[in-house]
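> As annotated by TrEMBL, domain 'TLC' applies to 36-224. The transmembrane segment annotation in TrEMBL covers 125-141, 161-179, 191-213.
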Amino acid sequence: MAVSPGLLVVAGSFAAFRLLNRGLERLVPPPPSARRNRWKWRNIWTSLAHSVLSGGGALGQCGPGNPSWPLSLLMASLIPGYFLEDFVDMLCNQKLHQSWELLFHHSVVIVCFGTAVLLHQYVGFALVALLVEINSIFLHLRQILLMANLVHTPCYRLNSIINLGTYVVFRIATLAWMTRWLFLNRENVPLATYTVGTVGMAIMTPMNIILFYRLLRSDFFKSRDCPMWVMEGEAETCLDGMLPVVGSRLKAETGSAVLGDGEPTSPDNWSFSHVILFQGVLNGHK
């Protein structure tokens, strides 16, 4: 029985991103503030590379002119491989209660893109979905700046503005278009495929609205009236940059907390300063 070329590309994509993840610490050494979370530093740079590749490719294919079918199918086949790699990376390096939201998100993406790859159908729809990765570039850059302790810099502020703008244009608008397309073409899409697409959109849309709210709270409407402090100072935006989380070690006190390298930090380094009880879901990505 012949193996589908799409599955071979998925396997090759998984291996390529895994090798990239392993070599990134030498290519981009972590700064002192990120050395206690080296795997996360590698993970975010791997995600950034994926976002640049997939987002740029999708923009080129969805732009003026006729898209190339082989290239479109190749790009769609790369995505499950990356998300499988990121899934494995989180399973190996994070506790389940810290990463379950992203693992769930990745499972949905793998199923949706895997359907397009296996059936060789709705590849164009999958390419449109990849436009969200243009915004993910700036989500991952935001996380890199956070881990490098460069929050109070012009570079971070500029990235925050671009991040918010691309979020509206390439993430919210893209999801709205995809939802509209599914609704208008519901009679032309097989029930099983329509169900997968509808469930996927029903999951992704609320997750992205929540993330948008958290980004606004974190970067534009920071609250300073809560005496909460982050132990490690590593506010982590996950997901493919999708849902924000914070390191599991948190401390509520009225004094000061320190980073892993002994440097003081403050509530400005994280999003929800009014929330006292944390375990995993907060701002700060993959």
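Cβ coordinates come from backbone N, Cα and C, glycine included.
For the listed features, I'd like the structural context: burial, neighbours, distances.
Residues 55, 125, 128-129, 131-132, 134-135, 137-139, 141-142, 197, 201, 204-205, 208-209, 212, 215-216, 219-220 of the same chain sit 6 or more residues outside the transmembrane segment (161-179) yet have a Cβ under 8 Å from a Cβ within it.
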> Take every residue in the domain 'TLC' (36-224), average their pLDDT values, and give the whole-number result.
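Taking every residue of the domain 'TLC' (36-224) together, the mean pLDDT is 88.
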